Structures are given as C-alpha cells and as structure tokens.
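Pulled from TrEMBL:
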DOMAIN    6-415  domain 'Integrin beta subunit VWA'
DISULFID  10-39  disulfide bond
DISULFID  155-161  disulfide bond
DISULFID  354-365  disulfide bond
DISULFID  444-453  disulfide bond
DISULFID  485-490  disulfide bond
DISULFID  487-520  disulfide bond
DISULFID  492-505  disulfide bond
DISULFID  530-565  disulfide bond
DISULFID  535-544  disulfide bond
DISULFID  573-578  disulfide bond
DISULFID  600-609  disulfide bond
DOMAIN    600-687  domain 'Integrin beta subunit tail'
DISULFID  606-682  disulfide bond
TRANSMEM  688-709  transmembrane segment
DOMAIN    711-757  domain 'Integrin beta subunit cytoplasmic'
C-alpha cells in the first residue's frame with residue numbers, strides 16, 4: 001500500500017485504503033491503520049465490490065431462475081458474491097423441433113417415425129401440458145459432388161423419392177399434435193451422394209429463424225431440437241468442394257415456403273459459429289444418432305456441455321426414438337449447472353448446494369425434481385482495471401434449460417473524491433491556485449511542481465540542495481538518498497517496507513534489528529524509531545527479544561493480592577510462568593489434585609464404578625459415585641500421552657494394583673472429562689513352584705556338598721596315614737619272621753599290688 005502515490009492507484013490494491021486527511025504518515029495504507037492514525041471515516045476511500053438486483057421476479061410457471069438481472073460494482077481484487085436460485089417449475093413450457101435427415105439411408109427411420117409420431121406427442125403430454133411441436137428435414141447442398149447430377153431423381157431409378165434439397169422447414173412449432181402427425185406422414189425420402197450430410201446448415205437456420213420456426217420468447221420455454229441422422233456432418237470449408245467459398249453469415253434465409261434459399265451459395269457453418277448461435281438462442285440439441293456415428297456426436301455434445309447438449313443411440317430403424325427423447329428430456333430437465341463466458345480480466349467461480357443440502361459435484365446437480373431448489377453462490381472478481389476490460393458492460397450466466405442471469409458490470413477504477421463534484425479547481429490549498437486539490441493532494445498545473453505546487457520550474461538548477469543535506473559534505477546525497485529535494489525541502493520516498501521520515505529523510509521504521517523475523521519482535525514487543533528499537537513493557541534488548549524476568553512476578557499472581565504461584569511451598573515464578581512443585585498444578589499452582597478433597601481423590605469412586613464395575617456414567621451419577629460436573633469417562637491405552645501435554649496424573653489402589661487416570665477441564669473451567677488408563681500396575685504373583693523346587697534343590701545340593709566334603713576329608717586322612725606308614729616302613733629294621741605291625745591277640749596286664757600269692 002505504501003508505494004501507491006495516488007488514490008486511484010491505492011484502491012487498485014484490494015487491501016488498501018486512501019486517507020484524504022493530513023494526519024497519517026502515508027495516505028495509502030490498510031483501513032485499520034488509517035483509522036488508528038486518526039483518519040475520519042468520511043475521509044477514507046475504501047470502496048467495496050457490491051451487487052444489486054435490478055430484476056428479481058419470483059419463480060413461477062415460466063420463471064425458474066432468480067434473480068434475472070443484477071448490477072455488479074467491482075473493485076479490483078475484491079470479489080462480489082451473488083446468490084442464484086434455480087427451481088424447476090411444473091409444466092414448464094417446451095418447444096420441441098424435430099429435425100430429421102431425409103437421405104436415402106433413413107428410409108426405414110422415416111417409416112417408423114410416421115408410425116410413432118402420435119406416440120411422440122403422447123410422451124410429451126406426460127412430461128408437460130404446455131408444449132409445442134415442429135418439424136423440418138435436411139439432405140445436403142444440391143450441387144456436385146454432394147448429390148447426383150439427376151437432381152429430380154437423386155435415388156436409384158426404381159426408387160420413389162423427392163428431389164434433393166438443403167433444408168426444409170415443414171411445420172412451425174404448434175400445439176396441434178394432429179397437424180404434427182399429418183405433416184410427418186406427408187414426407188418422402190430423398191438422397192445424396194457423399195456420406196456426410198448438410199445437417200449443420202439446417203440446424204443454423206432452425207436457431208436463427210425465430211419467427212419462421214415459431215420459438216417462444218427467449219427465456220420463457222425450454223427450447224429443444226431433436227437432430228436425427230445416421231451420418232456425419234459437413235463443416236465450414238467443405239463447401240469449397242462444390243465451389244462454394246462464401247462463409248456462412250449466420251442469418252436467416254428461409255423462403256415463404258420454408259426452403260433454405262442460400263444452401264448453394266453459403267458454406268456450411270463451423271462448430272464454433274453454430275455453438276455461438278445455439279448459446280445465444282438458448283437452444284439445447286438432442287442428437288439421436290445411430291451407432292456408427294455415436295462417438296462423433298458424443299464428442300460434439302461433450303464439447304457443447306455449456307448448452308446442455310445430449311447424445312442418444314438411435315436404433316437402426318428409429319424404433320426407440322420415443323424413449324430416447326423421453327430419456328434425454330428427463331436428463332436435461334433434472335440436471336442443473338451454470339454456464340458462463342466471462343470477459344477477459346473477470347474471474348468467475350461458484351459453489352453451491354443441490355437438493356437436500358448436498359454439495360455440488362463436478363459443477364452440477366443431477367436428479368433435481370420439480371419444485372426442488374438448487375442454490376449457487378457465484379463469485380465475480382475484477383482482476384485489474386484496464387481499458388480492455390472496461391469495454392465490457394455485461395455478460396450472461398446461463399442455466400441450460402432453465403433460464404439465464406444477466407450480469408451488468410460497473411468498474412470501480414477511480415476514487416469518488418477524484419470526481420468532478422469533489423475536485424477543487426485552482427485551489428488555494430495548492431499555492432494560491434496553482435493546482436487542483438483532490439483526495440487530499442494537489443494536482444499541479446503545467447510548469448508547477450512540489451507537494452503543494454510551490455515550485456515554478458522543475459528544471460531550475462539553482463535550487464539550494466544544501467538545505468536538504470544533513471551535513472555540508474559534498475558527496476552526501478540530498479535527503480539522505482531516500483527522498484527528493486523540492487524547493488529546499490525533502491519529500492521522502494515511499495517504501496513498501498515501511499515509513500521513511502525526518503526533515504532530511506534520515507529515519508525509517510523498518511531498519512531496526514529483528515527478533516523471530518519481525519522488526520523489534522513485532523508491535524507487541526516494540527517499535528522501530530529511526531533505527532533504534534523502543535521496547536514496550538517488560539521487553540528489553542536491541543531487538544526487544546528478551547524479557548526482564550524481574551518485572552514479571554505479576555504474571556505469576558492469580559490476582560493482585562495473592563502470593564506468587566500460591567506461595568513458596570507450591571511453586572516458583574520463572575520469568576513470568578509458575579513452575580509448580582510435584583503435588584500442585586494449574587497456571588498459578590492453585591490446584592492440588594492429589595490432596596484430600598482434590599479432584600484425584602474425589603474421582604476415585606467414579607473410576608471404580610465406571611471402570612471396574614462396568615457401569616455407565618449416568619448410572620454412577622445416580623448412585624452419587626460420580627460428580628455431576630464429570631462430563632465423560634474415556635479409557636485410553638497409555639495415560640502418558642496426555643500427561644505429557646501438561647495434564648496431572650492421578651493414581652489409586654485396588655486389590656493390590658495401582659490404576660492411573662487424569663482429568664481435563666473444559667472451557668467453562670467448571671466441568672471436566674476423566675481419562676482412565678486401561679492397564680493397571682499389579683505386583684507379580686509369588687512363584688511357589690520355583691520356591692519349592694529351589695528349597696528342595698538347595699537341600700539336596702547342600703547334602704551332596706557335605707558328602708563330598710566328608711569323602712574328601714576321609715581321603716585326605718587316609719593319604720596322610722599311608723604316607724606315614726611308608727616312611728616308617730622305610731626306616732624300620734625288623735626280622736623277616738616278625739611283623740612289627742602285628743599285635744598279639746592276647747594281651748596281659750599285671751596288677752602291681754598283687755603280692756604273688
């Protein structure tokens with residue numbers, strides 16, 4: 001916005017507004033900033049795109065689209081949203097023109113049509129009581145190589161057929177179905193040579209000859225043309241084969257007898273030319289064609305999707321033509337879509353709802369019944385103001401088969417304050433009448449310049465630029481290189497990054513240091529004043545990126561008289577945020593969920609009731625086991641996923657197991673939800689078998705160890721005795737006859753007191 005120098009340039013940007021007062025640092029800025037600068041509402045130019053309904057007749061028997069005409073005033077970049085409602089009407093008028101190929105290959109089809117003409121009329125009566133039928137036929141241009149040289153006998157010598165012709169309008173649209181049957185029964189087949197037919201010549205005449213065909217007033221009926229053929233079509237340029245080089249003029253050339261008089265003089269129409277006329281006349285073609293050319297006409301109807309064109313496969317003898325017309329009509333009458341061709345520089349988009357509030361799919365609503373409403377919100381946006389786009393005054397939005405909405409265009413490309421009624425010619429505000437004052441600015445007369453047209457020669461080299469320099473240095477640019485020196489005064493440049501100011505344009509509000517990508521940390525932290533950050537409140541530093549924690553205790557108090565973080569036993573204040581001790585939680589450590597009477601203790605009975613007794617929350621509330629403020633109880637796999645987000649973990653015991661839960665307060669601060677962990681923490685059961693086996697095994701092991709130790713000790717004693725024996729044996733000198741180790745079996749002891757008696 002800041003780089004725009006005039007009001008007209010300013011409003012070309014959708015988010016910008018212009019202030020005609022002198023109170024703002026920049027006249028072009030956002031609306032809210034201008035209001036903040038003190039610019040009064042009446043001095044702000046901020047036009048918006050609007051629409052007004054100029055014709056909005058209610059839906060009825062012949063009106064299915066509302067509104068019918070609107071006027072849009074568009075400002076560049078700002079969309080105008082206009083609502084469009086479509087409601088299919090019962091017994092909506094239908095004009096059905098039957099256009100048939102009368103070449104020789106269609107002989108069986110003509111015979112069947114004569115039999116089925118009455119059924120076509122009966123079928124239309126079942127669709128609507130208000131219909132008209134018309135009939136016409138075509139063959140091809142009556143010059144070589146399209147037809148035989150025997151013009152009066154275009155078929156074989158033995159066949160009875162009429163002379164070739166381009167197009168015949170046989171029956172205008174009438175409500176007399178008997179006349180339709182009679183005219184069909186009078187028809188005879190004709191013939192031509194090449195495979196393609198001249199159907200597009202005929203279709204063009206049907207579209208443009210309103211009076212002769214008998215079409216109802218445009219927009220008051222559904223106009224249908226049933227195009228019946230078994231052959232492809234000739235296109236623009238094909239006429240050169242017959243020496244016809246004059247392009248089709250898209251005009252009506254029917255004689256009083258209904259014959260196309262320019263068939264041999266004008267070339268075939270092009271697809272685009274025919275499409276334009278059908279679109280202009282709101283005619284929907286139904287191509288009833290045989291299987292050999294179905295793909296050709298299906299591709300054509302798909303490219304004519306904005307017309308609502310359809311293609312149906314015709315039996316070889318046209319025996320299914322009645323059902324084909326019925327099916328095609330039902331599809332047309334139940335499909336609602338928008339068709340538009342916006343002028344260059346105008347963007348159009350839309351959204352909407354179909355019946356029963358269903359969203360629009362692929363840009364259309366299908367299966368819409370009589371009386372059911374379809375609503376669209378159409379967004380129209382002017383991309384930018386150009387001379388080309390301002391040439392367009394209107395464009396239509398069509399709803400094929402239902403009607404159209406005419407959109408008149410007005411463009412907001414200039415400010416109201418710049419209008420003739422608001423300009424001050426030769427204003428005294430512009431240096432005693434040396435300019436026109438408009439939108440708060442002076443538009444200087446020729447030969448004058450300056451903000452107030454105060455200078456009389458823009459090429460005067462004697463202008464004292466030294467007044468525009470901060471110092472007397474010769475190499476210093478005037479106005480600090482950020483403005484223009486006009487009449488000895490600096491006019492600072494506009495910069496999209498911010499404001500340049502100062503008597504020498506030496507200051508700006510965007511060259512300060514940044515914090516987190518914002519100058520001075522953004523408006524919340526500080527403002528940039530001539531290259532220096534002026535920090536607000538508790539913010540400090542060269543870029544206001546730090547906080548003075550010593551000044552932030554007030555953020556840790558619930559109210560003015562309360563202690564910091566509820567007191568030292570509950571928590572401490574760390575740079576404006578309470579860090580609570582283990583038992584406490586909350587913004588100010590004011591909650592003690594695990595204390596007596598806290599949420600944890602009050603909720604245990606509710607957990608037992610809902611989780612372990614499997615009762616519903618409502619039943620537990622009726623039993624007064626759950627508080628009324630508990631809104632829900634949910635079971636989760638792991639409670640850590642919630643406690644990691646700051647929720648307090650509560651725990652309780654049951655049957656030697658520990659269960660865990662938490663709570664989350666709702667926005668009202670009074671009610672809360674409980675979250676319970678599915679799995680409990682329970683001690684592992686004692687391994688009885690392992691203990692028994694361990695004890696028995698231990699006893700056996702100890703016994704074996706004792707036996708082993710005893711055995712080892714006996715073996716050691718025996719070994720010692722044996723070694724001693726060996727030593728004694730080696731030392732002794734006894735006779736062989738006596739073993740020194742042998743002891744007598746008899747031992748004699750003498751009593752020393754015995755006297756020998």
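Using N, Cα and C of the backbone, Cβ positions are placed for all residues, glycine too.
Caution: TrEMBL annotation is automatic and unverified by curators.
The disulfide-bonded residues considered are 10, 39, 365, 609, 682; of these, 682 has the fewest other C-beta atoms within 10 angstroms of its C-beta. It is 93 Å from the Cα atom of residue 485 (disulfide bond) to that of residue 155 (disulfide bond). In sequence order, the disulfide-bonded residues near residue 573 (disulfide bond) (Cα within 10 Å of its Cα) are 565, drawn from 354, 565, 600. In this structure the alpha carbons, written CA, of residue 365 (disulfide bond) and residue 565 (disulfide bond) are 61 Å apart. Other Cβ atoms within 10 Å of the Cβ of residue 565 (disulfide bond) number 27 in total over all chains. The 10 Å shell around the Cβ of residue 155 (disulfide bond) contains 19 further Cβ atoms across the protein chains shown. Distance noted between the C-alpha atoms of residue 544 (disulfide bond) and residue 161 (disulfide bond) is 98 Å.
A count of other CB atoms within 10 A of each Cβ picks out 578 as the most crowded of the disulfide-bonded residues 485, 578. Looking only at the disulfide-bonded residues 453, 505, 565, 600, the one with its C-alpha closest to residue 487 (disulfide bond) is 453. Proximity to residue 535 (disulfide bond), judged by a C-alpha distance within 10 Å, picks out none of the disulfide-bonded residues 444, 453, 490, 505, 682.
DSSP assigns residue 444 (disulfide bond) to a strand. Of all the disulfide-bonded residues listed (161, 487, 490, 520, 530), 530 has the fewest other CB atoms within 10 A of its CB. Between the CA atoms of residue 600 (disulfide bond) and residue 39 (disulfide bond) there is a gap of 57 Å, rounded to the nearest whole number. Broken down with DSSP, the domain 'Integrin beta subunit tail' (600-687) shows 23 helix, 29 strand, 36 coil.
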